[in-house]
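Taking it in order: structure first as structure tokens, then the write-up.
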Amino acid sequence: MNDLRYPIGQFTYKRPITEEMIDTWIQEIEDLPNELTKAIKDLDQKQLDTPYRVGGWTVRQVVHHVVDSHMNSYIRFKLALTEKNPTIKPYKEEKWAELPDSKLPVDVSLVMLESLHKRWVNLLYSLELEDLEKTFNHPDTGETKLAAAIGLYAWHGRHHTAHITSLRKRLNW
């Protein structure tokens, strides 16, 4: 049986990272607001409040989480571009998913995601090769180059979109 937590597999990439890989990843980040919107199209409130797996987040929580995560990533990129290997602040995703704003209509987060990704993609397309080598330090996972972080967040968006699309397929929605 497939691992419902990782419907597209865990994040991996081949090295070295090429300009073509970066361009593909940025395009995936740019496409995410539309892809996520399509994934939840025509779902009713009961469906939005259905966990994508036993013990997992609801579809609604997944949508809000993507925005929380990508806001954090955008800030991490800006820190890495303006400071030398800054140590970023992790956050407790599972606790954020329980806060009251995670019960808001998904449209609230979809609007945020659209705006956030316009700014983030603009920033990403402006990066020079030397910028892609800049890093931030995560207290738990260590140093991350911006080039790899672009791939990670492209995967992250596809990963959570697949949580929703695979749930829809399993339940024939």
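Here the Cβ of each residue, glycine as well, is placed from N, Cα and C on the backbone.
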Considering the Zn(2+) binding residues HIS156, HIS160 given in Swiss-Prot, which of HIS64, HIS65 is annotated for that site as well? HIS65
Cβ neighbours of HIS160 (Zn(2+) binding site) where a neighbour is any other Cβ within 10 Å: 23
Three-class DSSP secondary structure - HIS160 (Zn(2+) binding site): helix
Non-local Cβ contacts of HIS65 (Zn(2+) binding site) (under 8 Å, 6 or more apart, same chain)? TRP57, GLU93, TRP96, ALA97, SER102, HIS160
Taking the centre of the Cβ atoms of HIS65, HIS156, HIS160 as the Zn(2+) site, the remaining residues of that chain with Cβ inside 8 Å are VAL62, VAL66, SER69, HIS70, GLY157, HIS159, HIS163
Nonlocal residues around HIS156 (Zn(2+) binding site), in sequence order (Cβ under 8 Å, 6 or more apart): PHE11, VAL66, SER69, HIS70
